[in-house]
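**Student:** Here's a structure for you.
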Amino acid sequence: MKLSLFSTFAAVIIGALALPQGPGGGGGSVTCPGGQSTSNSQCCVWFDVLDDLQTNFYQGSKCESPVRKILRIVFHDAIGFSPALTAAGQFGGGGADGSIIAHSNIELAFPANGGLTDTIEALRAVGINHGVSFGDLIQFATAVGMSNCPGSPRLEFLTGRSNSSQPSPPSLIPGPGNTVTAILDRMGDAGFSPDEVVDLLAAHSLASQEGLNSAIFRSPLDSTPQVFDTQFYIETLLKGTTQPGPSLGFAEELSPFPGEFRMRSDALLARDSRTACRWQSMTSSNEVMGQRYRAAMAKMSVLGFDRNALTDCSDVIPSAVSNNAAPVIPGGLTVDDIEVSCPSEPFPEIATASGPLPSLAPAP
């Protein structure tokens, strides 16, 4: 059942903060055919999907390129949602409805969705084979994929989205070449505050680029692209001094050390007066970063839907391995290399790593 976006947000945040953090499949009152325990019989099918994804799609539960692709897909699918278009009498998009798979012939032609065809087709096959909706599958695959990356929060997973959808309107996906105002306006239309935009960008902790500069294919956005941690927020604030490729790519800025790619939109958001203090607050605590990202993702996952009409199957989601490493300023650099942009708060005390300036390899 579709519902107004704004009528569900309070329940979303409460639900996200109350999520269990234990292992998947435990503590439920229903025993599935495979012997797993869960809270609701509607969740049993997802154990089969879990095994399929981890074995085949994630190639043995790895935190590699398929995880980064699903993080793009989950955002690009859900953000196709515009109350402003609806108010103007146009179709505003269905939100997290799986339309990027159902209508891939249209949505994969959007410039922002370049390079996703193979991943979309692999997900389509999984959805059809297991008889689950594409909207549910995208959310589930995202939560499972992140569980393969140390330090990741255990995301909420709600099932029950219909497989009925329409193609998303074009031009609703904010991109790396947009201004901060354009990004905040687009995200604000979908119901997200500037703080929540910064929170959602925690996904870039696991990110690399493929289509912005082909000469440095899969160059990561931080020094730990297989760990969900605050390094992305720290390193985006470092002074840009290095051109990692033979020339700068589309929407690329100078980076702090060889091999790291810096998106222009990230650099701008880290330094803009509307977002800089929230950005700085994400640098020093992996726990805070995870909590905020989980809440923002829970909100995004129900864009266009009534969360009360969905079934909570979060207990199927595995828990990621903990990340106990403290945030650091990379070797060869100091706090003096940070471009502090929040005037109201001092920059947190963060240790400096020993050793030379990093030189990063492409992300796997």
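From the backbone N, Cα and C atoms, a Cβ is placed for every residue, glycine too.
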**Student:** So one of Q21, Q42, Q90, Q280 should carry the feature pyrrolidone carboxylic acid according to Swiss-Prot; which one?
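**Tutor:** According to Swiss-Prot, the pyrrolidone carboxylic acid annotation belongs to Q21.
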**Student:** According to Swiss-Prot, D222, T224, V227, D229 bind Ca(2+) 2; identify which of S205, S208, S247 is listed for that same site.
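**Tutor:** So the Ca(2+) 2 site in Swiss-Prot includes D222, T224, V227, D229 plus, from the candidates S205, S208, S247, S205.
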**Student:** Of the cysteines C149, C342, which is paired with C277 in the disulfide recorded by Swiss-Prot?
**Tutor:** C342
**Student:** Which candidate, C32, C43, does Swiss-Prot give as the disulfide partner of C313?
**Tutor:** C43
**Student:** Suppose the Ca(2+) 2 site is S205, D222, T224, V227, D229. Which further residues of the same chain have a Cβ inside 8 angstroms of that site's Cβ centroid?
**Tutor:** G151, L206, S223, P225, Q226, F228, T230, Q231, F232
**Student:** Looking only at DSSP and grouping its letters into three states, which state does C313 (disulfide bond) belong to?
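**Tutor:** Where C313 (disulfide bond) sits, the three-state DSSP reduction gives coil.
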**Student:** Among all the protein chains here, how many other CB atoms are within 10 A of the CB of D229 (Ca(2+) 2 binding site)?
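**Tutor:** So the Cβ neighbour count for D229 (Ca(2+) 2 binding site) comes to 25.
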**Student:** Relative to the Cβ position of C342 (disulfide bond), how many further Cβ atoms are located within 10 Å?
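**Tutor:** Excluding its own Cβ, C342 (disulfide bond) sees 18 Cβ atoms within 10 Å.
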**Student:** Tell me which of the recorded positions S99, N163, S205 sits in the most Cβ-dense spot, judged by other Cβ atoms within 10 Å.
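**Tutor:** When each Cβ's neighbours within 10 Å are tallied, S205 tops the list.
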**Student:** Tell me the Cα distance separating D229 (Ca(2+) 2 binding site) from C63 (disulfide bond), rounded to the nearest angstrom.
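**Tutor:** Taking the Cα atoms only, C63 (disulfide bond) lies 14 Å from D229 (Ca(2+) 2 binding site).
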**Student:** Excluding D77, G95, D97, S99, which residues of the same chain place their Cβ within 8 Å of the centroid of the Cβ atoms of the recorded Ca(2+) 1 site?
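**Tutor:** What remains near the Cβ centre is A78, G80, F81, G93, G94, A96, G98, I100, G135, S165, S168, L303, G304.
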